[in-house]
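This report concerns only the one structure given below.
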6 protein chains.
Amino acid sequence: MEKNFYQPLSANVAPKFGAPTTFMRLPQREDASGLDACFYGLPMDWGTSARSGTRLGPRQVRAESTQIRPYNMGTGAGPFSSLSIADIGDAPLNPYNLLKSVEAIEEFVTKKIIDFNCIPLAIGGDHTVLLPILRAVAKKSGPVCLIHVDAHADTNDVMQGETIAHGTPVRRAFEECLIIPDHSIQIGLRGSGYSAEDFDWGKQKGIRVVEAEKCWHKSLTPLMSEVRQLVGNRPTYLSFDIDALDPAYAPGTGTLEVGGLNPIQALEIIRGCQGINLVGCDCVEVSPPYDPYGRTATLAANLLFEMLCVLPGANYKGSAV
Amino acid sequence: MEKNFYQPLSANVAPKFGAPTTFMRLPQREDASGLDACFYGLPMDWGTSARSGTRLGPRQVRAESTQIRPYNMGTGAGPFSSLSIADIGDAPLNPYNLLKSVEAIEEFVTKKIIDFNCIPLAIGGDHTVLLPILRAVAKKSGPVCLIHVDAHADTNDVMQGETIAHGTPVRRAFEECLIIPDHSIQIGLRGSGYSAEDFDWGKQKGIRVVEAEKCWHKSLTPLMSEVRQLVGNRPTYLSFDIDALDPAYAPGTGTLEVGGLNPIQALEIIRGCQGINLVGCDCVEVSPPYDPYGRTATLAANLLFEMLCVLPGANYKGSAV
Amino acid sequence: MEKNFYQPLSANVAPKFGAPTTFMRLPQREDASGLDACFYGLPMDWGTSARSGTRLGPRQVRAESTQIRPYNMGTGAGPFSSLSIADIGDAPLNPYNLLKSVEAIEEFVTKKIIDFNCIPLAIGGDHTVLLPILRAVAKKSGPVCLIHVDAHADTNDVMQGETIAHGTPVRRAFEECLIIPDHSIQIGLRGSGYSAEDFDWGKQKGIRVVEAEKCWHKSLTPLMSEVRQLVGNRPTYLSFDIDALDPAYAPGTGTLEVGGLNPIQALEIIRGCQGINLVGCDCVEVSPPYDPYGRTATLAANLLFEMLCVLPGANYKGSAV
Amino acid sequence: MEKNFYQPLSANVAPKFGAPTTFMRLPQREDASGLDACFYGLPMDWGTSARSGTRLGPRQVRAESTQIRPYNMGTGAGPFSSLSIADIGDAPLNPYNLLKSVEAIEEFVTKKIIDFNCIPLAIGGDHTVLLPILRAVAKKSGPVCLIHVDAHADTNDVMQGETIAHGTPVRRAFEECLIIPDHSIQIGLRGSGYSAEDFDWGKQKGIRVVEAEKCWHKSLTPLMSEVRQLVGNRPTYLSFDIDALDPAYAPGTGTLEVGGLNPIQALEIIRGCQGINLVGCDCVEVSPPYDPYGRTATLAANLLFEMLCVLPGANYKGSAV
Amino acid sequence: MEKNFYQPLSANVAPKFGAPTTFMRLPQREDASGLDACFYGLPMDWGTSARSGTRLGPRQVRAESTQIRPYNMGTGAGPFSSLSIADIGDAPLNPYNLLKSVEAIEEFVTKKIIDFNCIPLAIGGDHTVLLPILRAVAKKSGPVCLIHVDAHADTNDVMQGETIAHGTPVRRAFEECLIIPDHSIQIGLRGSGYSAEDFDWGKQKGIRVVEAEKCWHKSLTPLMSEVRQLVGNRPTYLSFDIDALDPAYAPGTGTLEVGGLNPIQALEIIRGCQGINLVGCDCVEVSPPYDPYGRTATLAANLLFEMLCVLPGANYKGSAV
Amino acid sequence: MEKNFYQPLSANVAPKFGAPTTFMRLPQREDASGLDACFYGLPMDWGTSARSGTRLGPRQVRAESTQIRPYNMGTGAGPFSSLSIADIGDAPLNPYNLLKSVEAIEEFVTKKIIDFNCIPLAIGGDHTVLLPILRAVAKKSGPVCLIHVDAHADTNDVMQGETIAHGTPVRRAFEECLIIPDHSIQIGLRGSGYSAEDFDWGKQKGIRVVEAEKCWHKSLTPLMSEVRQLVGNRPTYLSFDIDALDPAYAPGTGTLEVGGLNPIQALEIIRGCQGINLVGCDCVEVSPPYDPYGRTATLAANLLFEMLCVLPGANYKGSAV
């Protein structure tokens, strides 16, 4: 089968503020057949402990993504000429039932994406989605290295007695052997905790933890060299919770923690993943009601585009800054 | 036991924009012991099919209620001199599990309020709460007449396969014999439906349905005479979904339907309940993220105060306009 | 060719807050081939004299339209079972050149819609669009009766020396013989003018003018009987500027005029068009930046759905309220 | 001295969204010398008991007034051809001292306006300003009839022990014999009170009180006939608190009361003042932070323009609707 | 008397978005009897020269503080196990009279807090409050070292002729010998001034001034070593005006100055106070109307929690990052 | 002619939140006669490819500029004592015709400012304005060095077939020999592009390009030394597009690009222009609808004030930090 190298609808054909509102105005496809990578939405917020609203995240991220042009001026990447990429819509979630939604995500990612050997790029949605995505990804790739950028460890055992929620997926993924803890890393953790040992669980399991304080006042480019060494050529999943950033940069999210990363560091993290064997990515926890003009969604859309630019096989036409 | 006639904290003691933020700055109590009526919060939005955010409703309604003074200038009511009233806080809900939350509400209303022979006034929260409240109320009062003010009939059988959600409580309440359909009424229904017969289910069960169109351009005071006749002296529950009002008046809600009631009609409905044997009331579906300055919450707070003013036993010091 | 009766994507398949964001989640088509009616967007604001932002109108109207269910509970209409309806995207406009944009609209409406004998329903965009739409419509239908609902007469001769702008289309349409003035009507005019005779131009040409003041405190259902008589069975175009409504109901627009119509009257106007030989409709001037949570867009989306429900051939399954 | 009939800067000279931002883009003058009427600002909020922000009211009302054209299409009035009108800026207030501010207002209105036999039109500012304005006006006109449109009676004796605040000016004005109670009226009172008799004080002094409930569902044009009879040809002051309107129409204010007037009724009240011997007017309590896009300010600006149109001597070029 | 180590209401008992809304959902107390430290609100904005709104600051800071968990992950502090802490509500202020409000604050802090040997943590409110707090604190502690973090020096002599306002408290405190200038410091000063010497007054009195420019691009941890040396073991008061931060991080305040501190530096300043003999703290000038979703309040709430964590006697359970 | 050293209206005369709203409350003048420098507005957005709204930029920037005091505390500059400065209002633009607007700007800047040997400081408006300003400036100064701070190169050849738009002015200026490319610089470029070579056009023409990535994590003070060398004593124009800053600092603009400059770097750039022979400056692309509370406008106003402080001849009274 010959590959279709889909291009975002050009602003010269129709202004960027018009239709359609797929991710970057890429074609819409029913599933990932024939695609190398695909964007998909997970519109849910019923795994959230704090402010809700992430159910509208995919819609706003897609709307703001229409402003992004096809070439990455900072790295020279032009992914659309070497990868076949489209938007395959949203998983069919059940807003009244968290467990069924988690099952639906696993099935959607498996049957619509992974079964076609396509790399999934998720638009969240609350972070509960990480668990079913990893379940689907691991079916094909086996346990993966996890690069987890977040303000929170998401390693709670239970929340109000429940094992599935947006604060537990990393713990569950470990228990289900979906991740390789010794080659995984958490970046940006900070804030307040239910106990003084909240971040220690992961460390004890072998996960490297880089708290936000260790990122203050510095470039994260050196850290990413270490990360590339840590994961090697193992299959790796990149999960980016937008609340890893300081609320000044990402006000549209549910659980604000002060003293976070900045967008430059976010770009350094993702650009630093170039060369890693990425088998899946996400950007989650964008909550539009708290940022109606879409600054946070704009940031998330750009981070997703940057992830696309570092996928295995992405073309580089220009030269990096 | 001697009754305590609690008074809202006066603006002469501390400015209204200061602490505390209980409903109308009434005292906070652990339960309804010794109270004639009480306000309580149901901070949930995980029964919602559309935009979320009602989990923050009780907080904002309480905050805006601090502006209300203790006498009703339109009716002369001064309920605080004849009824013992306080705020008993929120039911302990589980944001990850709708069914457990519904159970928790039933238990809270039963054990903290109904068991003390106190009239509950709920601050919602999405409309799923109606079912467990009616379960609790019916334990003591038996089936009740329902005065249901809403844009939606909430008589769906299932939503995405689920029987419990914010669009099903009236159907479930009927099936569980919690309401007396022949002496119940729905006011304000309108908008679009999944079938052309969406509003017929209730009619077939005997519920009187007054669509919004039948309310246009007129006072609802005459209708309320009919309502008082319909319910007679039977125990009656008043459930007021803020989306019964046109979005112009109540933008802070999840499911907007155009062509709705106006605040004058809302006041006429509640004031028209004077003399009815009210055994419980609620005002639900206030979603603060869509109205950050609290206009909708101010309206809801006033409607709750007006409900208080028509409870059996509320005192009237002045004369009505 | 057998007709496809497209249905909006059901909320039981995927929650309403998810993808896609075509109008009412109808299928997207390239043109109107095989369709009886179609929605299309005109994302422009460069014909505006006041606040801009309507370039984002079609996107937000489509987003909010996803909340609308397929049956009209007020009238019993179920248009999707008898008419083939889809969304054909946006006209390719030029944001730097008003005249070229006007030409592009005329060509788009002609070649993508009118040439297929399909009824166009435009999602604006500023009101400049009325002129090129009427040019396209009149090619097939000849001059049309105009039902023009608006706060402004849009009969200026020039604005800052220009003949094409959002305040001139009705005058240009008259001059180009695109409308039948003696069988046309303007409803809702009000506010302040550049001269005391601003509304007289239309009257002198034979257009009936119903100022907002004549609509105050009353149902417009009687007026619409007169309108149906006025237009008879002539081809008729319905143009609805959202600023016809009072700013309380439609804050998201550029030129606010106080004392306007209310949503009930807007519904009465459109429902009163049942039986009229409508050959095209629009709802224009929705400016999202001034209503970020989409209350105005929700109203516009509903008005467009109501227009669909009164198109010739629309089915009625239930009975009207 | 020959009169200058100043005209608002035309939109044909410079777009309405540009400079300057005097009221209706009228010329700025140092004082009222040679003027028949003048607009002036009272940027204060330190007399407020509830939410603050009216200190920014004059700025926003002026900004939104730039959208108003010079002719009143509803009444045919064209005041700029027969009256000399300008904007004389703001009174020099002291934000740290309410009493000094009250003195400054009295001095400003006296020396800059009244001493030039000019009619003052105030842009508020909280309602505390009414007292010093009346003090200044009464120096020349003697006691005046007061047409007071408001949700609140503003007849408190003291507020937290203070005699000067935004809830006391009518009582103080009565005590200082600045108003003629038997020929004064309060329209729109409603809401909740500190006692059930809050509105009775005025009635006992002879002031006519028309509560909001008496205005529901009806035109106020008949009421205004009675008002014109009540005041006769006595000098009359019109004070319009924007919170007289329901919060749906005027969200940008500090003390929201539900069930209020609508903009149509507001226009009827002011247009109904035609023929009255108006010696001063104000529109107060616009609080921009609670309506950042200026819908409330637009309404207030229009009400001030309508006041201008009914001043003694205002020209009528067209005919009323 | 045995000490009560009050704990914030756990999210496992009731979701964080529910009641109550005391600071961190701590118990409410009438006064500081038996407490080691207490939070209290000063809801005022009538000492402000620019935009108002800080009267609502305490309410919003408390609301957002409900998201904070009891352990400080960055420092390991767990203050609730070694200190008895509660919320004692607001001082009874007079919104119409600045001087009486200043007196009320002094009396409240003295009698409700200082007399019980409790450390006060104020939630502002405009910065005028600093003067009466220092008056109360100095009664027991004598003159204190002042660590003053702010964009403004607040050392004006008079403002519009008044000696008490939010721009004068440091000058007044010096004059009244409430501070020890030679062991005090101001951090973050910047912006524009009424004269080129605005910041020199403090320097001439011996206060160390670290302008914002001296903080650019660097960690403030080294500076805090110097601060600890500067104050030694003298009683020290920490006053943190939220406008010390750049408006990007703290948009919800009245007087924006560009080029300010960032949240990381704010955390470094407060964490750098560990070991200092703090006798009182505040965080002031949060103005909710300019940040309705509470990002600024979230920051302020976290800064207040961080202050709690460095109070003398606060426990450390974990280890610092 | 004796020079008038106009002073901003003092906050001691009238509070800063009151009238007037000229830039920094300077006097309004008809033209630049007798002035050394002047502010002027260019209220337009019809050259924009993305979100509109900059037509309201000048109004909001002026409104927020009223908060700025006359002395620069960071540099000691007090420009009002040595330069005669006023606000000369807006150019008369045509919102329906981009080319006529461009002509109007050239004529306005030429005849109202340049012909009086006055330095123009423009308040934008979209960046299309740069071309006509440079045309006017070059008439007197000849080709100028351009210091261009922006996220975008603005060197497109055409946009949707048009040669004049907000993404083309630098290319046009080069072609028209209005700039000296070898002594010009672009700072802050980043984001995505239509081709991987988008930024190369300028480099090939000799313009120095400093991408945003080269500015990350560092002071720009060293860069500005190089810039001063680059331009020498040639006439130089400084054009500052507010989107050069990261959206966190400047959300109120149309085309957001993540990873941008911060306000400290912006101040360093402008302060680093001290000693340069500046013949004109602008700050453009402030779009108020996307930042209704004016944080972006506050930043722009301060940058314009900082530009004033580095104009040739500006006085320095204090000493720099």
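Please read every residue number as a count from 1 along the shown chain.
Note: Cβ is positioned from N, Cα and C throughout, glycine not excepted.
What you see is a predicted model, and the numbers here were worked out from it, not measured in a lab.
The feature Mn(2+) binding site is assigned by TrEMBL to C:HIS127, C:ASP150, C:HIS152, C:ASP154, C:ASP241, C:ASP243. Over all protein chains present, the Cβ of C:HIS127 (Mn(2+) binding site) has 29 other Cβ atoms lying within 10 Å.
The Cβ of C:ASP150 (Mn(2+) binding site) has 26 neighbouring Cβ atoms from other residues within 10 Å, across all protein chains displayed. Other residues of the same chain near the Mn(2+) site, with their Cβ within 8 Å of the Cβ centroid of C:HIS127, C:ASP150, C:HIS152, C:ASP154, C:ASP241, C:ASP243, are C:HIS148, C:ALA151, C:ALA153, C:HIS166, C:GLY167, C:ALA244, C:THR255, C:VAL284, C:GLU285.
Annotation for C:ASP154 (Mn(2+) binding site): same-chain Cβ neighbours under 8 Å, separated by at least 6 residues, are C:HIS127, C:LEU130, C:HIS148, C:HIS166, C:GLY167, C:THR168, C:PRO169, C:VAL170, C:ARG171, C:ASP241. Under the three-state DSSP scheme, C:ASP150 (Mn(2+) binding site) falls in the coil class. Annotation note: C:ASP243 (Mn(2+) binding site) sits in a helical segment as assigned by DSSP. Within 10 Å of the C-beta of C:ASP243 (Mn(2+) binding site) we count 30 further C-beta atoms, all protein chains included.
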